[in-house]
Amino acid sequence: MIDTLHSALPRALRLTLLFAAELVLVMLAFQLFASLECRATSVEGACRALRGVGLRGVSLLVLLAVYFWAVRAAWQAFLRLAAARNGGTRWVALHVAGLMLIILPMALVPDHALNPLFHRILPLMVLGGGMAAVGGLFWLAGPRDWQQWLRPRLVPVLALVLLAALLPNLAEAIGPIWYWETLTQITFAGVALMLALVADVPVVDPAAQIIGTNGFLVAVADSCSGVEGFVLVSAFLALYAVLFRDRLRLTRFWLCVWPVALLLSWLFNVIRITVLIMIGAYASPDLAVNGFHSFAGWLFFMLLAMAVLLVVDRIAGLRRVPGRDAPAIPLAEDALAARILPFVLFMVAGVLAQSFWADPILAYPWQALIMALSLWCFRVPLRAYLCRPSALALGAGVLVGLLWVKSAPSSYSPNTDALQTLSQAGLLLWIAARCLGTTLLVPVIEELFFRSYLQARLTQGLTGPLGRPFAVLLAIAVSVGCFALLHDRWIMAAVAGVIFAALYHRRGRLADAVAAHMVANLIIAIAAASTGDWALI
C-alpha cells in the first residue's frame, strides 16, 4: 500500500504533505499536550510570535495550493523542480535535526518547569525551526533550482508570503469591526439549540451568555463569534476570485458564494463550540479549554474554505462561457479590478496601520502611498472616467462639505498627542499626505467601489426580478449603507452617500460623484487644517 502511494504521488506532493503534517503535529502538540502558557513566561511577546510562525506556515501552504490550482504552469514547473532530486541528503539530515531541536524541550523538560525555563529554551526552538525550514526547502530542490523557478514568478510568490504573514494580524485587527452583539447572540443561540439536541441537561444563561452541560460551562464571548472563520474564508475567496477572474462570473460569485460561505463558516463555528463543550463535559476539560484557544479552529476553517472553493469550481453557472464572454485581459487593464482592488488595498492599509502602529494616525503617509500606487497601477482603465463634472456636482460637494463641518459634535477635539511626537518636517509631511489623500485619493477609491461597482452591479442584477425603480432604490440603499458604515458619523455619511449616489444615477457618470466627494473633502480638510481638529476628517 505504501509503495503504491509512493509511486502514485509526485515527489513534490509527497514532501509537501510530509512538511504540512509535521507543522500541524508540532503546533497541536504544543497547544494540546504541553503546559506552555505564554503569559506565564518571561518572554511573552517572543513566545506568541513563535507560536504564530506555525499558523503562518500553514496559511502559506494553503495559499500556495490555491495559486498552483490557478496557475498550472507554475505547478508543472514545481513538479519538475522536485523530480530533479537536486537536494542532497545533507539537507534531509538538517531538516530532521531541526525537528529534534523543536520537540526536545517537550520531551526533556518537565511540564512544571516549561514556563519558567522557556526563555532558555526559546533560542533552541528558533534554531531548530530555522534548520527544519531550510533543510526541508533544499531537500525538496537545490538552491539553483529554486532560483530558476522563482525568477519568473517572484512577485506573486512574495505577495502570497506577505498575505500569509499578515493573515493572523488581519483577523485580529478586523475583529473589532465584526464583534457586534447581535452576531455573538446569534452564535450563542445556535450553540444552545445544538447543545439541546445532543446533551441531556444543557445549562443556558442568555443574560451572561454562559452555556454548558454536566458541570462544564463556558462563556460565549465576542471572540467566539466566528470572526476568524469569516476573515479566512473571505481571504481565500478573494484570492480565488483574483486568480480565476478570467474564468469566473464575478458578480454571481460574490453575491451567491460569499454569503453562503460565511453562513457555512458560522455554522461550523457553532458545531466546533458544541463539540468542545461535549468534550469538556464528558471527556477532558483541559483538552476542551485548550481546544478553544488552539490553532485547530484555524486549520479547520482553512479546510472549509478549500472545500467551498472545490464546490465552486464544479458549478458551471459561475464560470464564463468560452466564446461568449470577453477574453481575459491583464489585471492592470481590467476595469472590474480597477473598481474593487484599490478599495481592498485601502482597507488593508487601514488594518496594517491599526496592527503595526501604536498610534495608527501616524501611519497615514504610508496609507496614502498605498492608495496612490493602487490607482497608478490601474491608470489605463481609470482614464475612461475622466470627464468634466457638472456644476451641480460641484455645488453638491460644497453643500456636503459645509454640512459635515457644521454638524460636527462640539465634543470633537484635536487628537494631537501623537502628532506632537513628530519633527517639524515630519508634521508637514503628515499634513500634506493627509490633505492630499483625503481630497484626491479617497474620493476616487470610494466612489469607484461604492458607486461604479456596488451600486451599478446591484442595479443591473436586480432590474430583472424587481423592475428598474425598485432595483435603483435598493442598490442606492445598500451602497449608501455600506458607505456609512465606514464612518464614525454614519448618519451624516449616509446623507453624503445619498447625494453622491443620486449624482451618479442622474447621468451615469462617475466623474460627478467623484468631483462632489473631492470638493466636500477639500472643504473638510481646509477646516481641519485651520483648526487642527483632524477628527473632522
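In case you wondered, yes, glycine gets a Cβ from its N, Cα and C as well.
In this model, the domain 'CAAX prenyl protease 2/Lysostaphin resistance protein A-like' (430-523) carries an average pLDDT of 90. The annotation domain 'CAAX prenyl protease 2/Lysostaphin resistance protein A-like' is assigned in TrEMBL to 430-523.
Taken from TrEMBL, the feature transmembrane segment covers 12-33 (among others).
Marked as transmembrane segment by TrEMBL: 53-71 (among others).
Counting same-chain residues at least six beyond the ends of the transmembrane segment (154-171), those with a Cβ under 8 angstroms from any Cβ of the stretch are 52, 55-57, 59-60, 63-64, 67, 71, 227-228, 231-232, 235, 239, 348, 351-352, 355-356. Look at TrEMBL and you will find 154-171 (among others) tagged as transmembrane segment.
Among the features that TrEMBL reports, transmembrane segment is placed at 216-243 (among others).
TrEMBL lists 255-283 (among others) with the feature transmembrane segment.
Annotation comment: TrEMBL describes 295-316 (among others) as transmembrane segment.
Taken from TrEMBL, the feature transmembrane segment covers 336-355 (among others).
Look at TrEMBL and you will find 361-378 (among others) tagged as transmembrane segment.
Among the features that TrEMBL reports, transmembrane segment is placed at 385-405 (among others). Sequence-distant contacts of the transmembrane segment (385-405) (same chain, six or more residues past either end, CB-CB distance under 8 Å): 452, 489, 492, 495-496, 499-500, 503, 506-507, 509-524, 527, 536.
The transmembrane segment feature in TrEMBL is assigned to 425-445 (among others). For the transmembrane segment (425-445), same-chain residues at least 6 beyond its ends with a Cβ under 8 Å from one of its own Cβ atoms are 342-343, 346, 362, 364-365, 367-369, 371-372, 374-375, 382, 419, 514, 517-518, 521-522, 524-525, 529, 534, 537.
Marked as transmembrane segment by TrEMBL: 466-484 (among others).
Sequence annotations record features per position, and here TrEMBL assigns transmembrane segment to 518-536 (among others).
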**OP:** Flag the pair the transmembrane segment (295-316) / the transmembrane segment (518-536) as in contact if three or more Cβ pairs fall under 8 Å (sequence separation 6 or more).
**Re:** no
Original post:
When only pairs 6 or more apart in sequence are counted, do the transmembrane segment (361-378) and the transmembrane segment (466-484) reach 3 or more Cβ pairs under 8 Å?
Top reply: no
Subject >> Tally of DSSP helical, extended and coil residues in the domain 'CAAX prenyl protease 2/Lysostaphin resistance protein A-like' (430-523) >> reply: 87 helix, 0 strand, 7 coil
Original post:
Short question: which residues 6 or more past the ends of the transmembrane segment (518-536) have a Cβ under 8 Å from it?
Top reply: 361, 393-394, 397-398, 400-402, 404-405, 408, 412-416, 419, 431, 434-435, 438-440, 442-443, 496
